[in-house]
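Straight from TrEMBL, the features:
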DOMAIN    35-124  domain 'Fibronectin type-III'
DOMAIN    131-220  domain 'Fibronectin type-III'
DOMAIN    224-313  domain 'Fibronectin type-III'
DOMAIN    318-410  domain 'Fibronectin type-III'
Amino acid sequence: MKKLCIPAMRFDQYALIINLLMLLSPAYSLAVPVAPASLKATAVSPVQINLEWTDASLDETGFEVERSPDGKIFVRIADLPANSKVFQNLQLVASTTYWYRVRAKNASGFSAYSNIVSAVTKPPVITIPKAPANLAVTTVTGKEINLKWTDNATDETGFELERSLNGTAFIKIADIAANATAYADTGLASTTKYWYRLLAKNTAGKSAYSNVVSATTLEVVPNAPAGLIATAVSPFQINLAWTDKAVNETGFQLERSLDGVTFTKIADIAANRIVYENTGLAPATKYYYRIRAVNLIGASAYSAVSSATTQQIPVPDRPLNFTAVPLAPDLIQLNWSPVTGNADAIIVERSQNTDGNFREIGRLPASAVQYQDTDSLAITDYYYRIKAVNAGGSSPYSLISIVRGSTIITANEPLTNQNRIYAYGRTLVIDLKPQPQCRLSIYDLKGILRNQQSVQPSSQVDLGSLHPGIYIVVVETENTLLKHKIAID
């Protein structure tokens, strides 16, 4: 038998030849491939992880790459050809952990799995978001403007909405959530033009502004006045005050009621006014008020009702310095000082006794300061008093002035040859015989005492201090009362 000669060679060359011979041998049975080794995973971007491994087999027909979100449940994501040693896993989520394993395969089956590896994709690369577009006004009311826009960004964290009253100076009015495409700007003033612009933002910065749009709010009925207060300041006047809550009123309508139920308009008041004086009222009367604002659109709601009661009219002051003096036959002159206060009239009363049985004998204007009682009077005592009156009532009575019956002049006293009283120039001559010392009183025609003194029965009294006119001279002695009229030039 002929010997087979095999040349000398390295072991690995020898092993390769043996494997080839086994593969070529009809009796050879193909085994599953050897598992890949040294699997590595490297994140190269927010959306990509690269894999590499060692191909430890010569008979694989390919590789299977599997991935897991939790390191437990794996899903095949790729079939690779034989001899592959790398794989790029794309379209991943940024900042996310992924687990991987690889195995080889051939006609006989699958190798064992490689080692398991994991990697975290890189954080996303943040750029300034794209500017929103197509900013537009959708609806407008008296107090609200609604806006819409197109969101051109996918990476914004929100929007900033700015507003202006002149189209130039803008102020941020709202931070709006990401992905929003509409906003309602409320609480606006009526009949006012507003301008708007919008930008998107994220941690990288702010986008350019959108286009600018504008709209004018509609006219609306004004807000109702508040805090109406009614204050009585006199018997005839109530002052009203309120808070103007509107900026678009053309005026106010004030209404009044006597029962708090049925109201009647009493005044149209100019815009922006906050006070009103309601005059010409009745004393001691309760009045109810309400007010509302108006403009061309309509009227606001009414304010709360406020009420006040006018003050009671104070009675006049008591008349002072009241006197009653007989001046001539059937003439008693009453005089008093001007009445202070708010009197409407003076009432004169007379009585023949002191039991209070007075009756009215005269009603005079409040400005009067005298009254002449011209009734035919009996020779008896008379009592006089006066009071001032108005709608609020009567003043206290004056002090009572008494006219004694003995002083009432029924005629000029006849003078005898022994009793003479006359004026000569500016001298009063008194000649009473025979009489003791007597008392002299001189009154003017208003009943005002102008001179009073004790004189001798035969006297001459200087009248130089008296003005020209008619005077009543009364001379009293123990048993005689003489009254005489004199004229001074």
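Using N, Cα and C of the backbone, Cβ positions are placed for all residues, glycine too.
Heads up, TrEMBL stuff is auto-annotated, nobody curated it.
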| query | How many helix, strand and coil residues does the domain 'Fibronectin type-III' (131-220) contain under DSSP? | reply | 0 helix, 49 strand, 41 coil
| message | DSSP-wise, what's the residue breakdown of the domain 'Fibronectin type-III' (318-410) into helix, strand and coil? | response | 3 helix, 43 strand, 47 coil
| message | Please compute the mean pLDDT of the model over the domain 'Fibronectin type-III' (224-313). | response | 96
| task | Tell me the residue counts in helix, strand and coil for the domain 'Fibronectin type-III' (224-313), as DSSP assigns them. | result | 0 helix, 48 strand, 42 coil
| message | As a quick check of your reading of DSSP, tell me how many residues in the domain 'Fibronectin type-III' (35-124) are helical, how many are strand and how many are coil. | response | 0 helix, 50 strand, 40 coil
